[in-house]
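Each remark here refers to the structure printed beneath this line.
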Amino acid sequence: MNLLSALPPGWPMIVGGVILWLLPKRAQAGGALGLAILSGLLFWFTPVLGDGETAKTFSMLGAELQPIRVDSLSRPFGLVFHIAAIVSAIYALHVRDTRQHIAGMVYAGAAIGACCAGDLMTLFVFWELTAISSVFLVWASDTPAAYRAGMRYLIVQVGSGVLLLTGAIIQYVETGSLKFDLFVSEGQTLFGVDAISPAAWCVLIAFAIKCAFPLLHNWLQDSYPKATVTGTVFLSAFTTKLAVYSLARGFAGFDPLITVGCIMTLFPIIFAVIENDLRRVLAYSLNNQLGFMVVGVGIGTELAINGTVAHAFCHIIYKSLLFMSVGAVLFRVGTAKATELGGLHKSMPWTTAFCMIGAGAISGFPLLSGFVSKSMIISAAGEEHMFGVWIVLLIASAGVMEHSGIKIPFFAFFAHDSGKRVKEAPWNMLLAMSIAAFSCVALGIAYPLLYRLLPFDVDYHPYTITHVVTQLQLLMFAALAFVALMKSGLYPAEQRAVNLDTDWVYRRLIPKATRGGQVAIELVDQTFRHDFLLTLRSGLRMVQRSFNVNGWIGRTWSTSTMAFWAATLLAISLVLYYT
């Protein structure tokens with residue numbers, strides 16, 4: 001047991017995942033599930049910092065490394081990552097693709113190892129392992145579009161890791177330490193006299209990329225909808241929440257994050273409302289939910305950090321449920337486009353019910369998990385007298401109801417009848433969705449169980465009359481707005497189209513401008529070379545004419561001319577010598 005305790009959490013999934021290919025294909029899915037359960041049991045019995053030995057430290061090349069640190073912040077993330085891995089493995093039991101099982105297990109194990117890393121170098125190793133393993137879940141779709149999206153995803157994720165490594169090196173050079181802890185102090189800003197250090201800058205940008213900050217977010221909507229049905233469920237759980245954990249560990253209370261988070265909660269709403277691909281709608285919705293967590297990290301109080309951790313915990317479960325329900329539709333129908341769906345509640349009633357629970361949870365309906373977590377962040381903003389932030393979060397909550405609470409189940413299972421009649425989702429998909437749906441309800445009702453896992457002592461009661469009435473009013477008016485817009489024809493019509501996002505700049509504008517610049521450079525180059533060669537040829541002909549027999553240099557000179565030039569040179573030499 002001592003040997004096992006010296007290994008980083010998640011190691012059974014990493015090591016076991018790599019050797020899954022030795023098993024017959026029919027046994028690989030069950031093997032992956034067994035690895036996730038084994039890893040979860042080992043993690044459950046890992047003592048928490050303060051209750052026992054949890055930190056493993058050793059020195060390498062003069063640097064102190066801490067590959068294992070399980071404390072009150074990392075433990076809830078480790079637990080929910082294991083839950084997500086188990087549910088995702090159940091959802092993928094029907095899959096006979098070795099790549100997906102290996103990639104899913106290594107990816108989940110690496111994310112767990114990263115959230116339990118106590119130093120930046122260990123974090124970097126697991127950070128890059130999550131990037132490299134997860135891209136195979138995109139490529140496993142085996143389409144040209146998936147391959148291109150996977151390459152873009154890999155470039156972005158590996159680039160994030162390079163920035164993290166750069167920050168680690170700078171910190172080690174400046175301080176002699178690689179410890180992964182708080183990078184900021186009270187009152188620090190991005191610029192100016194009190195600006196954060198260069199190391200903190202590099203690490204913050206690395207975290208920002210993985211957390212899909214505004215203008216750095218397009219990799220998420222680009223890659224997730226192109227991954228496999230089961231791969232998207234894995235992807236939705238780990239990458240971005242690992243970034244949220246890292247921000248909470250390193251930048252809690254950093255005020256600029258409040259502004260960033262507020263922007264993140266608002267801008268995806270528009271894109272989600274007009275998007276036709278329901279998996280892209282969920283990807284934009286994921287961005288929106290990350291914004292709530294980033295705001296909580298920026299506020300940095302105990303209530304806000306508790307709210308961030310609780311919301312990340314609940315979000316992983318209900319977002320996985322939504323991706324699983326839309327994935328089941330894609331698996332049976334062959335499309336996730338809203339224009340081609342509708343009326344599926346008749347043939348997929350269980351999937352419809354589970355999707356409705358997930359939609360209710362993400363919208364924050366009382367008695368569901370989203371209500372008891374999101375309200376903590378909103379209340380934290382109110383307690384700090386951040387009225388503007390409080391208003392933004394309320395507006396964003398209404399937006400969530402529009403694009404995820406209503407749009408996803410409505411256009412997938414109701415709306416117009418597409419005439420498609422398919423089988424219900426496979427039993428393993430239904431089992432995975434039922435576990436996630438039960439968890440959404442259980443966490444919403446038995447919320448003290450969730451609050452006991454949080455980093456700080458909780459003195460918060462979500463089910464007050466004020467909280468419940470305010471939330472119900474918000475949800476009611478959001479639903480009325482949807483109905484009114486649909487009846488009046490003002491709600492954006494679902495249509496087959498490509499909606500432009502900021503990635504248009506680097507995927508279309510810059511390449512086009514680069515191609516135009518390249519043409520201009522080639523034209524200038526050709527013109528310059530042509531003129532230069534003409535001038536060179538003219539000069540060579542002149543030299544040739546000068547040195548030939550009839551040229552002025554090549555002809556025979558008289559003796560008197562030679563004597564004249566000799567006397568002239570002698571005179572010049574004497575003048576220079578005696579002056």
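Quick reminder: no glycine exception, Cβ is built from N, Cα and C everywhere.
Here TrEMBL flags 117-395 as domain 'NADH:quinone oxidoreductase/Mrp antiporter transmembrane'.
Away from its own ends, the transmembrane segment (30-50) comes close to residues 4-5, 9-13, 16-17, 20, 23, 69-72, 75, 78-79, 82-83, 85-86, 89-90, 92-93, 101, 104-105, 108-109, 112 of its chain (Cβ-Cβ under 8 Å, at least six residues beyond either end). Marked as transmembrane segment by TrEMBL: 30-50 (among others).
When Cβ-Cβ distances below 8 Å are used as the criterion, the transmembrane segment (76-93) is approached by residues 9-10, 13, 29-30, 32-33, 35-37, 39-40, 43-44, 70, 100-101, 104-105, 108-109, 111-112, 115-116, 230, 233-234, 237-238, 241-242, 245, 309, 312-313, 316-317, 320, 324, 327, 428-429, 431-433, 435-436, 439, 453-455 of the same chain, each at least six residues removed from its ends. The transmembrane segment annotation in TrEMBL covers 76-93 (among others).
Per TrEMBL, transmembrane segment is recorded for 105-125 (among others).
Residues of the same chain lying 6 or more positions beyond the ends of the transmembrane segment (154-173) and with a Cβ under 8 Å from any Cβ of it are 63, 120-121, 123-124, 127-128, 130-132, 134-135, 197-203, 205-207, 209-210, 219, 239. According to TrEMBL, the feature transmembrane segment maps to 154-173 (among others).
For the transmembrane segment (195-216), same-chain residues at least 6 beyond its ends with a Cβ under 8 Å from one of its own Cβ atoms are 120, 127, 156-157, 159-161, 163-164, 166-168, 170-171, 174, 183-184, 188-189, 239-240, 242-244, 246-247, 250-251, 254, 260, 263-264, 267, 286-287, 290, 294, 502. Residues or ranges marked as transmembrane segment by TrEMBL: 195-216 (among others).
According to TrEMBL, the transmembrane segment annotation covers 228-248 (among others).
Under the heading transmembrane segment, TrEMBL lists 254-274 (among others).
The transmembrane segment feature in TrEMBL is assigned to 286-305 (among others).
Distant neighbours of the transmembrane segment (347-367): 285, 289, 314-315, 317-319, 321-322, 324-326, 328-329, 332, 374-375, 397, 400-401, 404-406, 408-409, 412-413, 420-425, 429-430, 433-434, 436-437, 440-441, 444-445, 463, 468, 471-472, 475, 478; these residues of the same chain sit at least 6 beyond its ends, with a Cβ under 8 Å from one of its Cβ atoms. Taken from TrEMBL, the feature transmembrane segment covers 347-367 (among others).
What TrEMBL lists as transmembrane segment is 387-415 (among others).
As annotated by TrEMBL, transmembrane segment applies to 427-451 (among others). Through the fold, the transmembrane segment (427-451) approaches residues 83, 87-88, 90-94, 306, 310, 313-314, 317-318, 320-321, 324-325, 327-328, 331, 350-351, 353-354, 357-358, 360-361, 366-373, 458, 460, 462 of its own chain, all at least 6 residues removed from its boundaries and within a Cβ separation under 8 Å.
Annotation comment: TrEMBL describes 463-486 (among others) as transmembrane segment. If you look at the transmembrane segment (463-486), the same-chain residues 6 or more away from its ends with a CB under 8 A from one of its CBs are 363-366, 371, 375, 379, 394, 397-399, 401-402, 405-406.
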Near the transmembrane segment (228-248), which same-chain residues lie under 8 Å Cβ to Cβ, leaving out any that are not at least 6 residues past its ends?
73-74, 77, 80-81, 84-85, 87-88, 91-92, 95, 97, 100, 103-104, 107-108, 111, 114-115, 123, 127, 130, 134, 137-138, 140-141, 157, 207-208, 210-212, 220, 257, 279, 282, 286, 290, 293-294, 297, 305, 308-309, 312, 315-316, 319-320, 323-324, 327-328, 330-331
Can you name the far-off residues of the same chain, 6+ from the ends of the transmembrane segment (387-415), with a Cβ under 8 Å from a Cβ of it?
258, 262, 265-266, 269, 272-273, 278, 281-282, 284-285, 288-289, 291-292, 295, 299, 322, 325-326, 329, 336, 338, 341-345, 348, 351-352, 355-356, 359-360, 362-364, 374, 377-378, 381, 471, 474-475, 477-479, 481-482, 494
